[in-house]
Every structure is written in structure tokens, then in C-alpha cells.
Amino acid sequence: MINNLKTFILLASLTALLVVIGGLLGGSTGMLVALLFAGIMNFSAYWYSDTLVLKMYNAEPLSNNHFVYHIVSELAHRAGTSVPKVYLINNSTPNAFATGRNPENASIAVTTGLLDRLTQEEITGVLAHELAHVIHRDTLINVVSATIAGTISGIANMFMWLSMFGHSSNNEEGVHPVVGMIMMIVAPLAAGLIQMAISRSREFEADAGGARISGNPQWLASALLKLDQANHEQYFDEAETHPATAHLFIINPLNGEKLANLFSTHPSTAERVARLRAMY
């Protein structure tokens, strides 16, 4: 409940930041343009982001006879939700993610490395975690937050280019060039931090929800420890090529030697494991 409230506050803050930036740059018209732009991007992301991300990772659909599909199907029926489509990514780095605009149009993807490295119980824990993301509609929340953050960065970049070519605003509703330059630097950073905080909050909720669906928090805790270790041992090439998708995965797939928690899309594995173990 606390994490859900936190997510709402963070999304509201992200939207407010977008409106403020639009207002500073273009007054009331700027506010409307910023919201309209974000709305168009969110509409596109809502309908097409799942297809796009699956293509990015060359994910192939698994047959209904595959044991992973059977696990997902059993977990979905246990949770009383639709059975997502299941995909396999041919990559030796163990990881997984969920995508889709709602439970009826959701997909779960796992890597070959995850199936090779984890036990069936640990795989079940991971799949339950991803199913919890689907049930909580975290895939939609993440798309919205990423889109708004991206819009803020885009507006900041646009202001930078306009300033470079001498097109800064001089009207009453315009913003002073110095203030604009400061905002250009600070706003994308603030938006990114808020987006990352939303992602971290949703991971905790999915951990708890997944543990309840599988019936054993230890399965996910054990899987997270193995996945975290693997993340230190090898690179996930496709994820490094598409860093904007890092927040989708159960473990941060990027190998940048552990930035401070403030700048991470995921909570620390140690804290996640501790919370899971405290459930029993």
C-alpha cells in the first residue's frame, strides 16, 4: 500500500515537472503543448511498446508444451488472471522481464541463461515475480513514467538547440536564458531520478506479490542472488545496446559497476532478499 501511494506521488511529481517546464518555456501554451506531446507518446507506447521491446531482444514465442509455459499457466490460474504469452531470448545471461499494456495482452520473456542456471523452483519464483508485475499493471506504469521522463529530456534538448541558434523567448511568458539553461540541465536529471524511484518501488511490490503467488518467498530470494552474481560475471549485450529497457528486467542487466542506489532502476539485491526472507 505504501509503495502504491509512493508510485502515485512520484507519477504526479513527474507530470507536474513536465507541466512546469512547459509553462516556463511557453506559458500556458507551452503547458498544453507539453501535455499533448506526452499524450501522443504515451498513446504510441501503450499500443506498440511490447512488440518493440520483444523485437529488440529477438524474442521467440514458446510453445504451449514448453515447461516454462506450463509454470506460467499454473501460476496465472492460481492468481486468477489471464495467461500471458511466453517468449525465449537466446542469451546466456540469466534474466527475465514482463511487458504488455494489460493482463489480457501481456508477455513474459526469459533468457536461455536463466533456464540453464536456475532450478525449477527458482524459475517459478522469477515467473511469479513477472506475473505480479503484469497483475499490478507495472508494465503500463513504467511505460508512462519513461515516456514522460523522455518528453522532459526532449523539451530540454529542444530548448538547448533553440538557445544555441538564438531563438530564446523574449516575451512576457518566456523564461530568462540563464534560468532556461539551468533548467535544461536539472530537469532531465530530476525526471530520471523520479522514474528510477518509481521503478524501484514497483520491484518491491512485484517481489512480495510474486512470493505470495508462488507460495515460497525463498525461491525468488535464491534466484535473485544467482542472477545478481551472474550480472557481475558477464555482459548482456542487447541490454547494453538498449539501456532504456533496463528497468523492465528482474535484475538490472547493465554492467556499470554499481552506481549509487539513487541512480539505479532497481533496489539493491541484498535489500530485496532481506524483505523476502522476512515474509516467513
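Using N, Cα and C of the backbone, Cβ positions are placed for all residues, glycine too.
Site annotation (Swiss-Prot, ligand Zn(2+)) includes His129, His133; from Glu60, Glu203, Glu233, Glu238, the additional listed residue is Glu203.
Excluding the listed site residues His129, His133, Glu203, the same chain places Ala98, Glu130, Ala132, Asp138, Arg202, Glu205, Ala206, Asp207, Gly209, Gly210, Ile250 with Cβ atoms within 8 Å of the centre of the Zn(2+) site Cβ atoms. Following the DSSP three-state reduction, the secondary structure of Glu203 (Zn(2+) binding site) is helix. Counting only same-chain residues at least 6 apart in sequence, those with a Cβ under 8 Å from the Cβ of His133 (Zn(2+) binding site) are Ala98, Thr139, Arg202, Ala206. A Cα-Cα distance of 10 Å separates Glu130 (active site) from Glu203 (Zn(2+) binding site). The Cβ of His129 (Zn(2+) binding site) lies under 8 Å from the Cβ of Ala206, Asp207, Gly209, Gly210, Leu220, Ile250, each of which sits 6+ residues away along the same chain.
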